[in-house]
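What TrEMBL annotates here:
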type: TRANSMEM; residues: 192-212; note: transmembrane segment
type: DOMAIN; residues: 194-598; note: domain 'Major facilitator superfamily (MFS) profile'
type: TRANSMEM; residues: 232-252; note: transmembrane segment
type: TRANSMEM; residues: 259-279; note: transmembrane segment
type: TRANSMEM; residues: 285-308; note: transmembrane segment
type: TRANSMEM; residues: 320-342; note: transmembrane segment
type: TRANSMEM; residues: 348-367; note: transmembrane segment
type: TRANSMEM; residues: 412-433; note: transmembrane segment
type: TRANSMEM; residues: 453-474; note: transmembrane segment
type: TRANSMEM; residues: 486-503; note: transmembrane segment
type: TRANSMEM; residues: 540-567; note: transmembrane segment
type: TRANSMEM; residues: 574-593; note: transmembrane segment
Amino acid sequence: MAIGGLISNRSFGSFIGSGKVCQGEQAILLHKGERSGIAVLHGNKFYRKLWSQTANGFLSGYTCGRYLRSTVHLDENTLKPLSVSPNGSQLISSVSLCHCKKSHKVSPRQRSRGSFGYYSFSSPVPGGCLEPSDKDGIGKNSTSAYYKSEEYDITEAKVDSLPSPDGMNEAILVGGDMQEAVPLWQDFPKRWVIVLLCFAAFLLCNMDRVNMSIAILPMSKEFNWNSATVGLIQSSFFWGYLLTQILGGIWADKIGGKLVLGFGVVWWSVATVLTPIAARFGLPFLLIMRAFMGIGEGVAMPAMNNLLSKWIPVSERSRSLALVYSGMYLGSVIGLAFSPILINKFGWPSVFYSFGSLGSIWFALWLRKAYSSPKEDPELSIEEKKIIMGGSISKEPVTVIPWRLILSKAPVWALIISHFCHNWGTFILLTWMPTYYNQVLKFNLTESGLLCVLPWLTMAAFANIGGWIADTLVSKGLSVTIVRKIMQSIGFLGPAFFLTQLIHVKTPAMAVLCMACSQGSDAFSQSGLYSNHQDIGPRYAGVLLGLSNTAGVLAGVFGTAATGYILQRGSWNDVFKVSVLLYIIGTLVWNLFSTGEKVLD
């Protein structure tokens with residue numbers, strides 16, 4: 001058939017509906033036979049845009065504006081515009097489309113960039129025209145269609161008007177690569193929505209964990225607890241925390257990370273809210289409630305690791321994990337900063353009520369937005385699914401945990417041993433730091449509390465810096481194995497170096513700087529051993545993290561107790577020497593036996 005027609009341009013400052021026509025752009029109604037669609041003329045380019053929404057919203061944006069008549073002659077073979085001529089303008093208040101038998105639409109959640117979908121409508125109006133007010137017959141028998149596209153320059157086209165027989169400006173539906181104009185928040189990668197929700201969960205995790213370290217002071221006065229009782233209460237959290245590390249990994253790998261992490265946040269949030277009530281009932285009830293809280297938080301890291309192993313490609317793995325773990329560090333900062341304010345104004349129970357209630361807000365968002373894997377998400381775009389699923393990561397669910405196979409692999413033991421060595425020094429610094437500031441640097445308790453926030457801030461910053469560096473190195477072609485070894489070596493040798501400098505510093509300022517640098521370099525471990533679980537066994541990422549983190553928690557428990565024993569018979573220099581020795585052992589084990597390749601299928 002002859003190829004030719006008219007394009008009707010409508011210039012809008014904005015478009016009513018989910019999409020927009022920016023200022024300086026002109027909306028173009030395209031029609032050919034039963035096919036109708038919308039493109040945009042931007043400057044002198046036949047540009048690419050499409051709104052994939054319902055017909056009502058589609059039409060409503062075209063009920064006002066300036067109607068600019070133009071004529072475009074299209075080449076029969078190439079479909080490129082040969083001529084264009086403006087024919088004046090007139091105001092319009094409605095738009096009609098020619099009668100069509102079927103309605104075609106592209107779902108907003110099943111779109112693909114680089115493709116063009118079209119709309120056409122079934123009209124109940126006699127004569128075959130559909131007005132914007134007509135709602136019947138719109139959106140029925142919907143299907144999808146996609147066309148490849150090009151951009152066409154029409155500045156040099158010659159005038160060659162072709163009148164439209166029905167009074168409407170029409171144009172051949174050029175196969176155009178039309179991108180959808182969608183709000184920025186809708187175009188945000190879904191995999192990073194999962195990452196941000198995990199970040200928020202870990203933020204709440206540490207907020208709810210550290211509030212007891214502040215609230216315990218007024219609580220011990222009210223209930224007449226001695227130091228031994230305070231230590232017992234603080235340690236009761238780890239009873240439940242140790243219990244669910246491996247179990248949380250098994251559950252996540254078998255039934256999915258969404259359910260397990262959602263369960264964990266709800267569980268520990270309820271336990272946090274019930275803590276003041278349990279304390280008033282008696283010490284045994286408080287100990288049980290703190291252990292219950294540990295049960296909830298114990299599943300968080302394995303479940304998160306399982307989720308990211310399915311959602312994040314290897315080229316973004318370090319950045320995503322660094323961001324999630326920085327949520328823990330910032331949660332500690334927020335908890336330590338706001339707990340004293342709430343206690344002074346509303347009493348110590350307010351800390352538990354307010355922090356615990358935030359979990360309900362997170363859970364509501366989690367239910368709406370999160371899925372255990374990309375395959376389960378009906379809203380995930382085709383393009384992003386290809387990015388996620390294009391990697392080598394297996395997405396199949398786990399039915400049986402091959403314990404013999406897992407424990408027979410040297411890289412698994414490298415993870416476990418390295419995690420133990422890493423957490424020994426980390427937990428000692430974070431647990432005993434206020435005492436060190438007070439005894440050695442002669443800071444008062446207020447100054448010590450403020451300075452305790454500094455390492456968490458440096459860890460949050462350097463974790464994300466390390467993640468960006470690691471992913472950049474991987475994207476440039478450096479092997480994952482080398483990147484993991486480099487990053488974890490910094491995470492071991494950096495703290496070891498700065499701890500040795502503490503022995504020689506003479507001023508409090510230099511001591512605080514060394515402590516901050518020690519923890520900042522420690523945060524590079526997020527791109528080392530903490531990312532390695534997904535490298536060596538993505539299907540069992542939850543179980544692997546549960547195994548290694550169990551060793552890490554044990555290091556914290558034993559290391560904290562051993563530090564007190566060392567200080568009774570020695571000095572802080574002896575404490576630092578033990579940590580440095582374990583950092584060196586961890587470095588050797590990691591570089592000899594770790595790998596970034598998949599060893600568990």
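We number each residue from 1, going along the chain as drawn.
Quick reminder: no glycine exception, Cβ is built from N, Cα and C everywhere.
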What residues in the same chain, six or more past the boundaries of the transmembrane segment (259-279), come closer than 8 Å to it by Cβ-Cβ distance?
198, 201, 204-205, 208, 211-212, 219, 223, 248, 251-252, 285-286, 288-290, 292-293, 295-300, 302-304, 306-307, 348-349, 352-353, 355-360, 362-363, 366-367, 370, 372, 542
Under a Cβ pair cut-off of under 8 Å, which of the recorded stretches 320-342, 348-367, 453-474, 574-593 contacts the transmembrane segment (285-308) most often?
320-342
Any idea what the model's mean pLDDT is for the domain 'Major facilitator superfamily (MFS) profile' (194-598)?
88
May I ask for the residues of the chain that lie six or more residues beyond the transmembrane segment (232-252) and have a Cβ under 8 Å from a Cβ within it?
209, 212-213, 216, 225, 259-261, 264, 283, 286-288, 290-303, 305-307, 401, 540-547, 549-550, 553-554, 556-557
When you check the transmembrane segment (486-503) against the transmembrane segment (412-433), do you get at least 3 Cβ pairs under 8 Å, counting only pairs 6 or more apart in sequence?
yes
The transmembrane segment (412-433) in contact with the transmembrane segment (540-567), cutoff 8 A, at least 3 CB pairs, sep 6+:
yes
Quick check for me: are there 3+ Cβ pairs below 8 Å between the transmembrane segment (348-367) and the transmembrane segment (574-593), leaving out pairs under 6 residues apart?
no
Mind checking which residues of the chain, 6+ beyond the ends of the transmembrane segment (320-342), have their Cβ under 8 Å from one of its Cβ atoms?
191-192, 195-196, 198-211, 213-215, 304, 308, 312, 350-351, 354-355, 449, 452-453, 456-457, 459-461, 463-464, 466-468, 523, 526-527, 530-531
